[in-house]
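Asker: What TrEMBL shows for this protein is this:
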| type | residues | note |
| --- | --- | --- |
| TRANSMEM | 6-21 | transmembrane segment |
| TRANSMEM | 33-52 | transmembrane segment |
| TRANSMEM | 103-126 | transmembrane segment |
| TRANSMEM | 146-165 | transmembrane segment |
| TRANSMEM | 177-201 | transmembrane segment |
| COILED | 224-251 | coiled coil |
| TRANSMEM | 378-396 | transmembrane segment |
| TRANSMEM | 425-446 | transmembrane segment |
| TRANSMEM | 466-489 | transmembrane segment |
| TRANSMEM | 523-542 | transmembrane segment |
| REGION | 600-669 | region 'Disordered' |
| COMPBIAS | 600-617 | compositional bias 'Basic and acidic residues' |
| COMPBIAS | 618-634 | compositional bias 'Polar residues' |
| COMPBIAS | 635-644 | compositional bias 'Basic and acidic residues' |
| COMPBIAS | 658-669 | compositional bias 'Acidic residues' |
Amino acid sequence: MSGAALGLEIVFVFFLALFLLHRYGDFKKQHRLVIIATLLAWYLCFLIVFILPLDVSTTIYNRCKLAVNSSPAENNGTYVTLAPSKQKCFKPWSYIPNGIMPIFWRVVYWTSQFLTWILLPFMQSYARSGGFSITGKIKTALIENAIYYGTYLLIFGAFLIYVAVNPNFNLQWNQLQTIGIAAANTWGLFLLVLLLGYGLVEIPRSHWNGAKRGYLLMKTYFKAAKLMTEKADAEENLEDIMEEVRKVSESIKYNHPLRKCVDTILKKCPTEYQERMGRNMDDYEDFDERQNSYPSEKSLVKLHKQVIYSVQRHRRTQVQWEILLEQAFYLEDVAKNETSATRQFVHTFRSREPENKIIQYFYTPTVEWYWECLLRPWFYRVLAVVLATFSVIVVWSECTFFSTKPVLSLFAVFIQLAEKTYNYIYIEMACFLTIFFLSICVYSTVFRIRVFNYYYLASHHQTDAYSLLFSGMLFCRLTPPLCLNFLGLTHMDATISHKKTQPTAYTSIMGSMRVLSFIADGFYIYYPMLVVILCIATYFSLGTRCLNLLGFQQFMGDSEMTSDLIDEGKELIRRERRNRQRQEEGENRRREWKERYGNRDDSTRNRVVHTDQKESSFSETSTNRPLSKYTRSNGRTERDRIELLQDAEPLDFNADAISDDPLELDSGR
């Protein structure tokens with residue numbers, strides 16, 4: 001079992017990352033390199049989170065074994081005895097042999113750093129480029145990243161010159177490597193505390209509000225009003241871009257050198273626009289370079305980039321609108337079924353997606369009613385209380401983890417109590433729950449934030465390549481400082497515990513932070529305390545209020561603008577509900593008409609066809625040709641009339657539609 005746990009977690013994390021990427025990305029339409037790079041970044045970050053508890057349990061076993069096998073004279077040397085010398089050490093079930101973890105962490109860490117600082121920024125520029133060739137896209141990406149890379153090279157070069165000139169510094173390669181790691185972790189810790197302070201409050205609050213049906217429905221109406229505005233803006237933007245594409249397509253003819261670029265742009269347009277532009281093209285006309293002014297290749301590159309962005313945005317808003325409608329209809333159904341006496345959940349509309357038969361067998365309407373109307377609100381309340389308790393423990397530990405005598409960090413207390421009895425399963429579970437909760441608070445914020453329309457992770461395969469790559473960059477930069485922060489909370493980091501104990505394999509590859517004492521003893525210890533201020537600001541929704549004052553509509557219960565948007569969204573949902581009801585009623589009437597009169601129409605059609613065959617045979621034997629033509633056309637007219645009667649829909653009886661004027665009745669007849 002020494003390597004089985006490591007292998008199982010490696011496989012499990014891979015499928016977890018693949019599942020999440022499939023939910024947000026589109027494997028069919030997006031470039032394979034974008035999918036592979038994003039999958040690798042997500043996979044490495046999730047892998048660090050899942051493997052780190054195994055590293056902790058292995059380190060505790062190694063410390064115990066070292067303490068048992070060492071003599072009192074050796075205990076005064078490098079490592080401190082943490083267990084009695086007569087204590088027998090039990091090997092954990094997930095023990096990883098020596099030498100494997102350092103190599104594993106080194107490969108994972110430096111691969112993730114290569115992705116976040118070099119490869120992913122370059123691929124972002126490559127994905128957003130509007131070039132028509134690979135060479136053109138690479139050139140554009142290099143130009144856009146020249147300032148990005150040049151800034152880091154300038155700072156690093158100035159630092160090397162300062163170290164070379166100053167005689168007080170005698171840095172070696174390992175120390176320079178540690179300084180680079182410390183700089184990257186400092187940047188990541190700065191962003192980590194911001195995201196963590198938001199997630200520690202927002203996650204429990206969102207689950208608590210999830211138990212309020214009225215709150216969820218009002219927020220859905222608010223989202224509907226905002227999304228309709230964005231949807232209309234996306235449609236208008238797409239129309240403007242397609243008009244420019246039409247003008248360019250009409251000006252550049254088939255034998256123009258840039259016609260291939262125009263055809264590439266047309267392939268990125270929606271199908272209805274391609275057909276419309278194809279009908280209006282006159283490719284038989286030759287181009288005359290003297291008479292007309294043609295767009296340049298740079299303008300076509302810019303237009304190509306705009307087409308890709310506008311089409312992606314339009315498709316995303318369309319899909320999100322359909323999903324939001326289904327969510328609003330379902331919440332309204334829940335509100336109606338709460339007062340149901342039969343205790344069976346009744347849906348207003350049938351699901352458009354085919355349901356799984358196994359789920360449909362167990363998740364009956366009665367079970368659905370008990371879950372949605374009775375059990376789910378209480379489950380969300382209990383879960384919110386548990387998450388709020390975890391948040392309080394994290395905030396307390398972040399403010400007190402630097403204290404070693406006495407130990408005030410609750411996570412460190414839990415780990416040290418389990419370490420005395422060498423309960424490795426408890427140690428791994430406690431470490432996993434701690435780092436998993438921290439990761440959820442940080443990563444969920446990454447999935448929720450939206451930077452205008454440049455960065456936005458949209459589910460149901462609606463995330464563009466730029467946002468996927470940007471999320472991979474954020475994960476790779478946030479995960480190493482997140483793990484170091486976790487090791488500090490549990491006092492497994494020697495820099496925090498101030499003990500000469502055997503470090504974890506993950507800490508060993510980071511090097512000793514004592515090279516930069518102001519970072520190790522100052523920034524890493526006192527900066528996480530700011531999470532308290534951020535939690536208070538998030539609890540009172542200060543960020544939401546500031547955005548609302550700046551003109552960005554946010555959901556606030558005491559705002560007049562919010563109530564207006566809720567009313568607007570409610571009217572939009574009501575209108576869509578009426579449209580959906582009319583569509584389903586029309587489908588039901590057509591289905592009933594076919595079931596009731598389908599066989600009768602088939603028999604009538606067969607009789608008419610048999611009569612036509614007789615008349616046509618009689619007319620062929622007759623010598624009067626005009627009579628033959630007349631008989632055939634009469635049969636064809638009869639068949640057309642029968643087909644029209646068959647395709648007609650039954651009309652609903654409406655007494656208001658009957659006119660009392662006899663003249664109108666006669667004219668109607």
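Glycine too: its Cβ is placed from the backbone N, Cα and C atoms.
What you see is a predicted model, and the numbers here were worked out from it, not measured in a lab.
For the listed features, I'd like the structural context: burial, neighbours, distances.
Answerer: With a cut-off of 8 Å between Cβ atoms, the residues of this chain six or more beyond the transmembrane segment (6-21) that come close are 35, 38-39, 42-43, 46-47, 50-51, 54, 94, 96, 100, 468.
Sequence-distant contacts of the transmembrane segment (103-126) (same chain, six or more residues past either end, CB-CB distance under 8 Å): 33-34, 37, 40-41, 44-45, 47-48, 51, 55, 137-138, 140-142, 144-145, 148, 152, 184, 466, 469-470, 472-473, 476-477, 479-480, 505-506, 509.
Taking Cβ pairs closer than 8 Å, the coiled coil (224-251) reaches residues 262, 265-266, 269-270, 273, 276-277, 280-282, 292, 294-295, 300, 303, 306-307, 310-311, 313-314, 316-318, 320-321, 324-325, 328, 553, 565-566, 568-569, 572-573 in its own chain, all 6 or more past its ends.
Within the chain, the transmembrane segment (378-396) has long-range Cβ neighbours (under 8 A, six or more residues past its boundaries) at 196, 200-201, 203-205, 207-208, 210-211, 408-411, 437-438, 441, 489, 531-532, 535.
Panel annotation: around the transmembrane segment (523-542), residues 186, 189-190, 193-194, 196-198, 200-202, 205, 391, 394-395, 398-399, 401-402, 484-485, 488, 495-496, 513, 556 of the same chain, lying at least six beyond its termini, place a Cβ under 8 Å from a Cβ of the stretch.
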Asker: Using Cβ atoms and a strict cutoff of less than 8 Å, what residues sit near the transmembrane segment (177-201) while being 6 or more residues removed from its termini?
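Answerer: Here the qualifying positions are 113, 117, 159, 171, 391, 394-395, 438, 440-442, 444-446, 474, 477-482, 484-485, 510-513, 515-516, 519, 523-524, 527-528, 530-531, 533-535, 537-539, 543.
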